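Visitor: Per TrEMBL, the features are:
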- 2-375: domain 'Amino acid transporter transmembrane' (DOMAIN)
- 20-43: transmembrane segment (TRANSMEM)
- 76-95: transmembrane segment (TRANSMEM)
- 115-132: transmembrane segment (TRANSMEM)
- 144-166: transmembrane segment (TRANSMEM)
- 178-198: transmembrane segment (TRANSMEM)
- 210-233: transmembrane segment (TRANSMEM)
- 253-281: transmembrane segment (TRANSMEM)
- 293-312: transmembrane segment (TRANSMEM)
- 318-339: transmembrane segment (TRANSMEM)
- 359-379: transmembrane segment (TRANSMEM)
Amino acid sequence: LQGIFVLGLPYALLHSGYSGLLLIVLAAALCCYTGKILIACLYEENEDGQLTRVRDTYEDIANACCKKLSPSLGGVVVNMTQVVELIMTCILYLVVSGNLLSHSFPYVPMTEKTWSVIAFVTLLPCIFIRTLKIVSKLSQLCSLVHFVIIFVVITYCLTQMHQWSWAKFRLSLEFEDFLVSVGVIIFSYTSQIFLPTLEGNMKNPGEFTCMLNWTHFFACILKTTFALTAFLTWGEKTKEVITDNLPSFLETLVNLCLLTKALLSYPLPFFAATEIVYSCISKDNHSNYRSPLLALTVRGSFLLLTLLMAMFTPHFALLMGLSGSVTGAAMTFLLPSLFHLKLKWKKLSLLEKCADISVFILGFLCSLAGIVCSIKGLLEVFG
């Protein structure tokens, strides 16, 4: 829940004003809700009226919804969407790593692409990751580094309390700038891709709802505190990545922490993407599934693909925004609400149906607006 997007939240407040604070809370509530209904789609009542887990993955849910049309169509669409989003996330981490290394060592005569290659070399051991246990340990370290970054930024901001002013908040909004803020805030919460696996691996799945409530609650508190203190400190001078506002001695330290976070974050989406590919391969060729040669080939191909796209895709930020508007909104809002309506329609109350429909419409509008803005930006860049 505490990804790279968190560092853009103060910039989002710059463009959204007081409404940005409301959006941070609303996004937490909506993403928590869609997480719950997505997990609800994994369960069905048995003959005794007890809930039983009859599905294991996002793909299983999609196939259940589309079985009358095609037994595997829904799963194919969901898998493609997930793989695209995960690969784009991996590419973003490589791009960020190259950028951070370049800014941390400005006197070294190397381009950002060269730095990205160096970062890529440190990620080569990902080829040998075979279990989620290793990924979880790396993710724990990643979370620790992230809290260090947040602590450093908030501590510095608190030393500047004497210059805080609520007058820095904007009352008038520009529509396109506001949409940028919506995208940054919403996508800082997205985690639906990992929820079915997470819930399935919990020692007590019955505590999943409680866990989801508390994690989103604390994430909302932390994001609001971080964004508010940083924006009140720098106001109109707030930059897209808030660490760029820090004094030089702190900026270098935080950039190195961010680099560590980016490299530690890479294995999770990488592992998830390769696991999806493995599951697809296993349906067609059980004998080769998990063979060492196939595993190395798939992982190596994924690693190389992320490096090539990070180095040679022009205007990557705009393309990332375009793919994020399509895949992020779909996996977070559109599909969970649509699947819940499809599978649970007869058992849902009128209020629950209205909630699902409202989330779907909101997700569709956010996605459409993001796509339009991204395409507009691409057209302007390419002249």
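Using the three backbone atoms N, Cα and C, a Cβ is placed for every residue, glycine included.
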Visitor: Same chain only, please: residues at least 6 beyond the ends of the transmembrane segment (293-312) with a C-beta under 8 Å from a C-beta of the stretch. Say none if there are none.
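Guide: Contacts with the transmembrane segment (293-312): 87, 90-91, 94-95, 98, 113, 116-117, 120, 123-124, 126-127, 129-130, 270, 273-274, 277-278, 281.
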Visitor: Who are the chain neighbours of the transmembrane segment (210-233) in space, where the CB to CB distance is under 8 Å and they lie at least 6 residues beyond its ends?
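Guide: That would be 1-2, 6, 9-10, 12-14, 20-21, 24-25, 28-29, 31-32, 35-36, 150, 153-154, 156-158, 160, 163-166, 168-169, 188-189, 202, 242, 245.
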